[in-house]
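So the structure is just underneath, and the comments pick up after that.
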Amino acid sequence: MTKAPIAGNRTGRKLGQRVKNKKMKASSRQWLERHINDPYVQRAQLEGYRARAAFKLLEIDEKHHILRGARRIIDLGAAPGSWSQIAAKVTGSTDDDIRVAAIDFLEMTQLPGVKILQLDFLDPSAPEKLLEAVGGTPDLVISDMAAPTTGHHRTDHLRTMHLCEVAAHFAVEVLGEGGHFLTKTFQGGTERELLAMLKQNFRQVVHVKPNSSRAESVEMFLLAKGFKGRKAEGEAEEA
């Protein structure tokens, strides 16, 4: 069971630390204080994960069992790589038998058992390169992609929703029957067309907000389980 970390008793670092750097802007100092005092950040360091985001995936899996039996996984917006770490472990991926492909336009340090593509997912060549990298039909596509924020809520929401839509269409194109799709989204409404498309192609579609997401964050996750196969998509087009 993925439990919430207990403050300060496992990492050797107490919570409630203050940053005493008068040269830093107040906003930067507040961000750094929140980061170093975040129990999930401390737990990620203790357990060897590259980011606290690992616990979001583990928490979602604890309830929805999307990692169970996964043989090949594609990780979109993967940097710095904590989801890919989990994916490599559950699939048994090794450098000699790659079963996890990860993509991000940001540079990522290499991970055992993960084929990393430093490439914008919106690049037209990305889908083919990902399929080649993962070495077969994936049964899970996970996306933690979010557009760089502008400070304008509506603009940020629309840009991230576009990434969700592109990722969803990619998942429908590549998943094996029975596969799952998980993507980050923002509170503020999921586009009606996207939900309709997912419900047409998957047996269950739900919104999830794991406890490890910061309370003040507008992020949520959209989970589509049980891909019906490309036959379902074809039947919808004919109707």
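Cβ coordinates are placed from backbone N, Cα and C, and glycine is handled just like the others.
Remark: Lys184 (active site, proton acceptor) has Gly77, Ser143, Asp144, Met145, Ala146, Thr160, Cys164, Glu219, Met220, Phe221, Leu222 as non-local neighbours, by Cβ distance under 8 Å and separation of at least 6 in sequence. Residues or ranges marked as active site, proton acceptor in Swiss-Prot: Lys184.
Around Asp104 (S-adenosyl-L-methionine binding site), taking its Cβ as the centre, 22 other Cβ atoms fall within 10 Å, counting all chains. According to Swiss-Prot, the S-adenosyl-L-methionine binding site annotation covers Gly81, Trp83, Asp104, Asp120, Asp144, on the basis of sequence analysis.
Residues or ranges marked as compositional bias 'Basic residues' in Swiss-Prot: 11-20.
Per Swiss-Prot, the feature region 'Disordered' maps to 1-20.
Look at the binding-site residues Asp120, Asp144 and count other Cβ atoms within 10 Å of each Cβ; Asp120 has the fewest. For the recorded site, Trp83 (S-adenosyl-L-methionine binding site), the DSSP three-state label reads helix.
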